[in-house]
Each structure stands twice: as structure tokens, then as C-alpha cells.
Amino acid sequence: MAITDWPVDERPRERLLQKGAATLSDAELLAIFLRVGVVGKSAVDLAREMLLNFGSLRALLTASHHDFCVHKGLGDAKYALLQAVLEMGRRHLAEEWQRGDGLDSPLRVRQYLSATLRDRCREVFAVIFLDNRHRVLRFEEMFLGTIDGATVHIREVLKRALELNAAALIVAHNHPSGVAEPSAADLSLTRRLDQAMQLLDLRLLDHFIVGDGEPLSLREQGGW
């Protein structure tokens, strides 16, 4: 049965408009995104099948172009739409990090880093540049690597900090494996960066590692 044949108060779109998006299941939200089903399946049926095939909503949202498009009912247009929606979500979060915003909560840092770096398929090293009152000057993804690591050039980080007249930095990188445990190389890099920054009277406030769960703070783990 097509969704248009359902009672009005059971249709996902109408329920969203009446009661809010938070009241809908993952399958119902996905059905609104899909708009239509395929022969013999409503959009909700197709959405449930997709969630079952991918294993979770997150796995579906972070699927590669190829893995997404091989499923019946999907294709380039749906993949492009999904990527646009996800990017709008990231930019919405980024609006909190406009120049002049203060870092008033470690939770805000974790939320933004998780949303920005968690599901990347390659390792990314990013830097939050701050002024002497810990207000955000700029967030930049400075180095992009492979699934196993990213080469970080400390000289380039320091150069950019001086260009922005930064007084302090928070650095972060993701582990595509999802395991947010610091490696010996992570700790060594952090120590070398901290030492180099001290020579320029700059402060390294923290180094976060982003995995599947909450980003791990090396500062809270006892430093480096």
C-alpha cells in the first residue's frame, strides 16, 4: 500500500509537521528523504530494508558513493542530496564557531569535533586557533592523510598561528578505525608541538582524538 493511501495521521510527513521530527522513527525520517518507494514497497518499507542492509542509520549516512548507489531505489541524485543535507548540518554547527566566540564549554569543543571529524574515511589533523581570551579565530583542517595516518608539519602549524595572531591552539585528529586511543606517534607529535609552541609563547590547550565515542582529551588523560 502506498503511503498516500494511509490514514493522514499515520503518514510520516504529516506526522512530522504536526508533532515534530523527533517523534518519527529512523525509518520514517528516511522515508521522507526517499520520497517514493519502489514497485511493491512503500517508502517506509524501502527505508526499513535499507536500515537493515546497512546495519544502522549512521552506517547508511556515511556509506561510500558506490555502497550507497548499489541499493535499489537509490542513485546519484539521492546520494548528492544526502551529502548536501549532511554538509548543511555541519555548517549549521560551524556557525557557533564564528570569529569572536569564546570556548565556554569543553562539551561544545567535543560536539563540534565529533560532528566534523568522526566519520571521515581518512585521517584529518585540524586546529582551532584562539586569541588570548580563548575566543575562536579560525578552525582549519590542515593536513589530510590516509586511513592509517596523516603527516603533520609543525612548522606549518606555527606559521599559521602567527599569521592569525593566535595565542593558543587546540588540535585534533580522527582515527578512522574508530578507536580513540593515542598512539606513541600521537603523544610524540603532541610533545614536539607543545615544545615548539612554548618557544613562541603560544599555548597548546589540548589535543583531542576523535573516534566512535566521545573525543578523547590528552590533557584530561594526564597530558603528554
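Cβ from N, Cα, C; glycine included.
Keep in mind the model is a prediction, meaning the values are calculated, not measured.
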If I go by Swiss-Prot, the feature motif 'JAMM motif' sits on one of 5-18, 173-186. Which?
173-186
Just jot down the residues in the same chain as Asp186 (Zn(2+) binding site), at least 6 apart in sequence, with C-beta under 8 A of its C-beta; none if empty.
His173, His207, Ile209, Leu218
Overall pLDDT for the domain 'MPN' (102-224), taken as the rounded mean:
92
When the motif 'JAMM motif' (173-186) is classified with DSSP, how many of its residues are helical, how many are strand and how many are coil?
3 helix, 2 strand, 9 coil
Centre the Cβ atoms of His173, His175, Asp186, go out 8 Å, and tell me which other residues of that chain have a Cβ in range of the Zn(2+) site.
Glu123, Gly149, Asn174, Ala180, Pro182, Ser183, Ile209, Val210
